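What Swiss-Prot says about this one:
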DOMAIN    92-144  domain 'PAC'
MOD_RES   SER239  phosphoserine
MOD_RES   SER283  phosphoserine
MOD_RES   SER284  phosphoserine
MOD_RES   SER319  phosphoserine
MOD_RES   SER350  phosphoserine
MOD_RES   SER870  phosphoserine
MOD_RES   SER873  phosphoserine
MOD_RES   SER1136  phosphoserine
REGION    232-314  region 'Disordered'
REGION    741-841  region 'cNMP-binding domain'
REGION    869-987  region 'Disordered'
REGION    1116-1158  region 'Disordered'
TOPO_DOM  424-449  topological domain 'Extracellular'
TOPO_DOM  516-519  topological domain 'Extracellular'
TOPO_DOM  568-610  topological domain 'Extracellular'
TOPO_DOM  632-637  topological domain 'Extracellular'
TRANSMEM  403-423  transmembrane segment
TRANSMEM  450-470  transmembrane segment
TRANSMEM  495-515  transmembrane segment
TRANSMEM  520-540  transmembrane segment
TRANSMEM  547-567  transmembrane segment
TRANSMEM  638-658  transmembrane segment
Amino acid sequence: MPVRRGHVAPQNTFLDTIIRKFEGQSRKFIIANARVENCAVIYCNDGFCELCGYSRAEVMQRPCTCDFLHGPRTQRRAAAQIAQALLGAEERKVEIAFYRKDGSCFLCLVDVVPVKNEDGAVIMFILNFEVVMEKDMVGSPTHDTNHRGPPTSWLAPGRAKTFRLKLPALLALTTRESSARPGGVGSAGAPGAVVVDVDLSPAVPSRESLALDEVTAMDNHVAGLGPMEEQRALVGSSSPPAGAPEPLPSPRAHSLNPDASGSSCSLARTRSRESCASVRRASSADDIEAMRAGLPPPPRHASTGAMHPLRGGLLNSTSDSDLVRYRTISKIPQITLNFVDLKGDPFLASPTSDREIIAPKIKERTHNVTEKVTQVLSLGADVLPEYKLQAPRIHRWTILHYSPFKAVWDWLILLLVIYTAVFTPYSAAFLLKETEEGPPAPDCGYACQPLAVVDFIVDIMFIVDILINFRTTYVNANEEVVSHPGRIAVHYFKGWFLIDMVAAIPFDLLIFGSGSEELIGLLKTARLLRLVRVARKLDRYSEYGAAVLFLLMCTFALIAHWLACIWYAIGNMEQPHMDSRIGWLHNLGDQIGKPYNSSGLGGPSIKDKYVTALYFTFSSLTSVGFGNVSPNTNSEKIFSICVMLIGSLMYASIFGNVSAIIQRLYSGTARYHTQMLRVREFIRFHQIPNPLRQRLEEYFQHAWSYTNGIDMNAVLKGFPECLQADICLHLNRSLLQHCKPFRGATKGCLRALAMKFKTTHAPPGDTLVHAGDLLTALYFISRGSIEILRGDVVVAILGKNDIFGEPLNLYARPGKSNGDVRALTYCDLHKIHRDDLLEVLDMYPEFSDHFWSSLEITFNLRDTNMIPGSPGSAELEGGFNRQRKRKLSFRRRTDRDPEQPGEVSALGPGRAGAGPSGRGRPGGPWGESPSSGPSSPESSEDEGPGRSSSPLRLVPFSSPRPPGEPPGGEPLTEDGEKSSDTCNPLSGAFSGVSNIFSFWGDSRGHQYQELPRCPAPTPSLLNIPLSSPCRRPRGDVEGRLDALQRQLNRLETRLSADMATVLQLLQRQMTLIPPAYSAVTTPGPGPTSTSSLLPVSPIPTLTLDSLSQVSQFMAFEELPPGAPELPQDGPPRRLSLPGQLGALTSQPLHRHGSDPGS
């Protein structure tokens, strides 16, 4: 049985470390990936979601510049500083005004902190948000959302925009205002100032992007500051103006990331003035505050510019070399990001000179920024977050509890404890008495006794073991390795410290020379307390049969040894005080010819005494006593009774359970070794390579240690279904109680869902979903963290309570994964398969709408680049539909079917089958709207709900309609599409045929009957190109037409036979019904109506006129060869819609009991 190694495996604890440190600080932060386009957000905590009002699903994959929080009062200069901070490796603090989802404005201090990986490269950014104050929305009549409505509606015209700013914000704003004036404090010549191209255009909020080459400076009217004289008085006397700046060249668009097609960057060049006086005077807001207070500049954690290393030296620099170096660096153009979507524009390559300047800027990301992270985020000196697999952090002079040294030391202490358990009772009973009776020993001190020296060494080793235990790591309840010395000491004090301390006291040294040898012998027996730790140490071998038997035999022998020492002590204590020689020692001396003399001396040797005593205890414990050594005195008899009682218990507990122990031990180990043998045989047979073989073996060992080889499903199957549901409800209670989509569900629905959930345990590094895998399940994370990668780029980090998969209600068939899902730590996930979830929701339709509306998938794994008409997609969908056959449809009887089936557009069915959200959309003829992100379900280019893979225009099978009326009798929208709620365009054409088949009980007619599943309302429709070419080959179309022809021939044959049967039944009833009839009715009471043929009553409703639709439908086989095929891809269609026969017969058909719609 392998030792559990779960707590020592390397884990990526980056996210857990950040969350654990921020729990008690009420932090609000997001984590962005620096290697993807726009530095997309890959994680946001609950505090940030509460701050901005957005959910985690809405924030994921957005640019970390938080442009979705921008509004009319958001300073473009502050947004430019955040964007510039994303280029470098230095931490930066920016004060900016943001807007919540409900439209309320707040002033926020943003900390942009880079995070490096094991190679030292910055791959992530942590943005911490701290609310400075809530801004007063002066003149704002209503709180609109920050992404809707024109910006001019926020403030009344003619009123000043005033902010109540704190002093740090005012100073920072003054610095930004001063930097816009030539030669002012903090001008562009300062190396620490943020230099961007500015103009005086008003700040207009952008919906998707922030163009930093159009950043404007805030004027006095927007900032709400006093006159310029008050600002100068606040800062102090500034340096004289240095003249007007040089004209700025027109900015050119460049790209810093050739791989990211979704974004581009622009470079803005600014020539700074060579004004050293302004640089020495002040270069940042911190220096201004220091000048104002008359104190030296405070120590700073952050840099407000890109030239932070030069700042401290330039304030006091007097040499020409320093000034020349500053002038050279100040000529480097500043770099700003431009998050503008330029997907349609070609890639613009930057000149060679610009590349040489950009390269050092990008290389700054490889600086060591870990200390900055800990200082800014207050993580503590012992926590350095790095996104990598981290081994447990161990303090200096700390010993790992699983290290080889600790293992060897434990075995050494174990041997010393066994020595103590054997020799301490023997020394106390035999040797001390022998020393008293023997001749006087020479005066050579303590070293003349060999056992005393060994005892002294044992005492020293026990004391050293106590010191080592104070520096040995342990595993806490969370399976974390604790290496902090203080926590280790507290844990040891609460555990084994008292027992170890008592066992390590050197009583021989403390009472040496006092003459009380008997007292020393009794006190030394306290070392036997260490046997408790030995039992715990040997408990890990309790599943090995041979080890258990050996330990039991050793325990039996040790108890016999202790009892032998006590048996000798009793006889030796009574021997000098007995007048009659009846003790067992006197009998032993007489038997071996070594009797005791009158003075009590002489007698058998120590060897004879010990062997005889051990012989007696063994024979008494095993109840085999021969009687040659027998108790004679009362004390000996009482002790013998006690030995017999102990022997009976020992004999019953040990030897009586030997067979049971062997069976139990070999049952567990046999299962483990059998399964391991199968795994190794599988590896050998298939020639698995070594890396994959190691992963297989490690996963098997970890899974065995986690479940102990118990199949939970097999255990549950042994209980009744009601008890299984209760157990599953208990196992999934945390998910069902705290996950929002499951709130409001009935007890029966929760029990049904709990039965379908499966728990998955994944170790670090295990890949749960590979790119391109079929998404057949929905995953809910209950513990641990995972990462989602596209190639080698991390696109998302998900933690507890996150959901990933695909929105099952939007697609009729499962899609493919667009990335790899890999575990960072030990994870527990709940997953439910697609078919199981849809089956439960069909059984509870009243809960289905609430579930789909409240379900927020944190990351959508569906690949949006799939081509709907690609080869093999039809076979995939057909196989999926055949696999998922739901024969029962739990639909409310109050739900009415649409009156007419509708018509499929010739340009594609996406216009009519997009659901209610696709009607009345003013965005264009297709109702399109810009997508919010690459992972949103609206931006999918795959087939949507209700969409078929090939365009089709179906010839109607009903009576002609007026010219201006569309098929189905429903009005058209502005762009000509029909506003129909139905999702089945062919249901009307085949409704008559399906009702006939359901009446005659054709089981094959119910095989593919499913309710049309309409999608939930979505913000935007899928964009379908007008010229969508048919991707199916001509042979496939002809094959499908031939199959339809054969099916119709079979149906025609069956219909003819059924009609003949109907006619025969009608002829038999000619004498029982009136001559003039149009339908068979139940005859009235009379002498001739002896019986009523109930099964025949609905038959005459199927007249030949009502079957004319079948003949029209069979004429479909004569369509020209180039006619388009019938749609095979799309949502499952319900073929039996009784509302479609209204135009064919005045009397409604009687619905058969097996019809799903009944």
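We count from 1, first residue shown onward.
Glycine is treated like the rest: Cβ placed from N, Cα and C.
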Beyond a gap of at least 6 residues from its ends, the CB atoms lying under 8 Å from the topological domain 'Extracellular' (632-637) belong to 567, 570-571, 574, 578, 582-584, 587
Kindly state the mean pLDDT of the region 'cNMP-binding domain' (741-841) in the predicted structure.
90
For the transmembrane segment (547-567), distant same-chain residues with Cβ under 8 A (at least six beyond the ends)
421-422, 425-426, 428-430, 538, 541, 584, 610, 613-614, 616-618, 621, 636, 639, 643, 646, 650, 654, 658, 661-662, 665
Which residues of the chain, 6 or more past the ends of the topological domain 'Extracellular' (568-610), have a CB below 8 A from one of its CBs?
426, 429-431, 433-434, 437, 616, 629-633, 635-636, 639
Is it possible to list how many residues within the topological domain 'Extracellular' (568-610) are helical, extended or coil according to DSSP?
21 helix, 2 strand, 20 coil
